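Noted in TrEMBL for the protein shown:
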- 28-260: domain 'Major facilitator superfamily (MFS) profile' (DOMAIN)
- 32-58: transmembrane segment (TRANSMEM)
- 70-89: transmembrane segment (TRANSMEM)
- 95-116: transmembrane segment (TRANSMEM)
- 137-157: transmembrane segment (TRANSMEM)
- 177-196: transmembrane segment (TRANSMEM)
- 208-229: transmembrane segment (TRANSMEM)
């Protein structure tokens, strides 16, 4: 059997029907490559938000430079901290595929909210005034819905792609992550060059609309491999196992002390 597809057999991987994955039909380089393609689009959206939202908060929402910078810092920090939570969920309860779908839908929902706000004068503050309570609430809800989605995307996409390959083939896994990092760089390059230029020339409404389209295209591309993927069964988080080991160790110490 081709080593690229030989990682199945213990029942750890299943197909979309819930049956043990067939190495001749599921997984492999073609399935893993979809993750790299999706990463280009996702990185474009995420990086574009990271590098341009300060300008949006400053010029459209009329926040101060310090406040705008702090908002973006908190947004990005929240997004990447939530990768821990999403990683725990995808390891313990649902597949990485499902986690990515839910996260991408959340990201699109948040982007739609920001797009609507950028197009609706009633949701934008007058010149030289900061947003009202309702305007700020709409902005923050949209922003942090995106952050929740980004956390799930970042915690699952790379791992889902790696799940498609033979885990014992180290050179293949190394090659995959090299291409994945290359895809990440391409997405970042497009975000900081093309998307920034579009925002400067055509405005925030167009920029957000393009990000909604790109994120939706990424979701469709990812879902297109639904029947091709192999899915790793949720088997519990390593964090849970570590806590269980520590708890057992503490109990053993108490028993040993009592016996003395």
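Glycine is no exception: its Cβ is also placed from the backbone N, Cα and C atoms.
Unlike curated entries, TrEMBL annotations are predicted automatically.
Panel annotation: around the transmembrane segment (95-116), residues 45, 86, 89, 123, 138-139, 141-153, 155-157, 159-160, 163, 205, 208-209, 211-212, 215-216, 218-219, 222-223, 226, 229, 231-234 of the same chain, lying at least six beyond its termini, place a Cβ under 8 Å from a Cβ of the stretch. Taking every recorded stretch in 137-157, 177-196, 208-229 and counting its Cβ pairs under 8 Å to the transmembrane segment (32-58), the highest total belongs to 177-196. Within the chain carrying the transmembrane segment (137-157), a Cβ under 8 angstroms from the stretch's Cβ atoms is held by residues 35, 38-39, 42, 46, 49, 53, 61, 71, 75-76, 78-87, 90, 96-97, 99-100, 102-114, 117, 123, 131, all 6 or more beyond its ends.
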